[in-house]
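Straight from TrEMBL, the features:
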COMPBIAS  204-214  compositional bias 'Basic and acidic residues'
REGION    187-214  region 'Disordered'
TRANSMEM  12-31  transmembrane segment
TRANSMEM  43-62  transmembrane segment
TRANSMEM  74-97  transmembrane segment
TRANSMEM  109-131  transmembrane segment
TRANSMEM  164-182  transmembrane segment
Amino acid sequence: MGYRSHLVLSRNSLYLMAAAWCCHLRVRAWFSAPLRCRGGSKPILGDFLVIAGTIFFAFSNVGEEFCVKKKGRVEVVTMLGVYGFLVSVVELSIVELKSLEAIAWSKDIVFAIAGYTVSMFLFYTLAPFVLKLSGATMFNLSILTSDMWAVVFRVFFYHQQVDWLYFLSFATVAIGLIIYSLTEEGERGSPPAPPGGDSNAEYQELHENAEVGP
């Protein structure tokens, strides 16, 4: 499978461009949905922070894929747990210590924190397996469909209405995933070209050697 998803793809094709365009439409629909709602004093800053966080998260997944394929899943998960714990403790003690002291602890808060901890543990434990099998590009594209879980909870548990742009964005992401998956299968099935670029060079050289021999 190689390292096609490390920062740049080794092969550019119209299919990948179509998949990227579908995901671009999804992001535009996602940002357009909140415009119908009131609230938020700095929407442009909020959109910028979301885009910046998405970019850094994508870089993080690409780097994690590289480490998984170079070092192994066990070492990656172990280092994520160790360094993630250290970074979280330092951040909590510097930035959020007063907020932590002001929390009125209750059963609901404890259960919410426990559920969040378990979900993050499962996510970062299973993510290396997905990155090794399909790569960071497919992983990042698939994460775009996670908002549909929020839609399901809003509709069936809170009985709230959902903007139609969410369904449009989900459809565009699904189309992009299908296009990218078909392109990945086609690239895996085609044999790699020789370094010289001429796929018939090896056979021509063998044919010439056969003619020279006795």
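Positions of Cβ are set from backbone N, Cα and C atoms, glycine also.
Long-range contacts of the transmembrane segment (74-97) within the same chain, counting only residues at least 6 positions beyond its ends with a Cβ under 8 Å from a Cβ of the stretch, are 64, 67-68, 124-125, 128. Residues 61, 64-65, 68, 73, 76-77, 80-81, 84, 103, 139, 142 of the same chain sit 6 or more residues outside the transmembrane segment (109-131) yet have a Cβ under 8 Å from a Cβ within it.
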